[in-house]
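**Student:** I'd like to ask some things about the structure below.
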Amino acid sequence: MSDIQIAVQEQPFDQNAAYRWLSEQHSVGATVVFVGKVRDLNLGDEVSSLYLEHYPAMTEKALTEIVAQAKARWDIQRVCVIHRVGLLQTGDEIVFVGVSSAHRGEAYQANEFIMDFLKSKAPFWKKEKTTQGERWIESRDTDQQALARW
C-alpha cells in the first residue's frame, strides 16, 4: 500500500476516513490535519459560492511533486491531500491536507509546507460569486511570502 493518497474530486471528502488511514500505523506518534473551507467574506465582499477549475493531469502532477518534496525534506510516514473542484457553497470544505510522522515537529512542518505550495503552485483556478458579481481570484502577496520562507 502506498504511503501517499492524492485525490481531486467534486464530492465532499470524509475527514474521519482520511484521518484513520493517516494514523493507523503503530509507529505514528503525530498526525497533523488542515481542512480549508469556503469563507463567507473575502476582500470585503460577501461570498455566496466558489467555483474551482483545474486540468486533471497537471493538477495531480503538481500535487505529487509537492508531496514528494515534503517527503524528501521531513521524516514523515503518510500524506493525504484531497482537493475539491466544481461548485462549492459557503462553508463547504475545499481541501484536506494530512501528514503523519513519528514526531509532531516533522508533521507540522510538512503539513504547512504542503499547504503553502498547494495554495500557490497547484494549478487550480477559483471564481467567486459575491454580492458584487463574479471574479477570478488571483494569488496574493502573502501566499508568495509564505513560499519564500521554505
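Glycine is no exception: its Cβ is also placed from the backbone N, Cα and C atoms.
Copied straight from Swiss-Prot:
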type	residues	note
BINDING	K37, V38, R39, H103, R104, K119, K126, K127, E128	substrate binding site
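Describe the structural context of these features.
**Tutor:** Cβ neighbours of K37 (substrate binding site) (same chain, under 8 Å, six or more residues apart in sequence): G91, D92, E93, I94.
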**Student:** Report the member of R39, R104, K126 (the binding-site residues) whose C-beta atom has the most other C-beta atoms within 10 angstroms.
**Tutor:** K126
**Student:** Measure the Cβ-based neighbour count of E128 (substrate binding site), defined as the other Cβ atoms within 10 Å of its Cβ.
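**Tutor:** Excluding its own Cβ, E128 (substrate binding site) sees 21 Cβ atoms within 10 Å.
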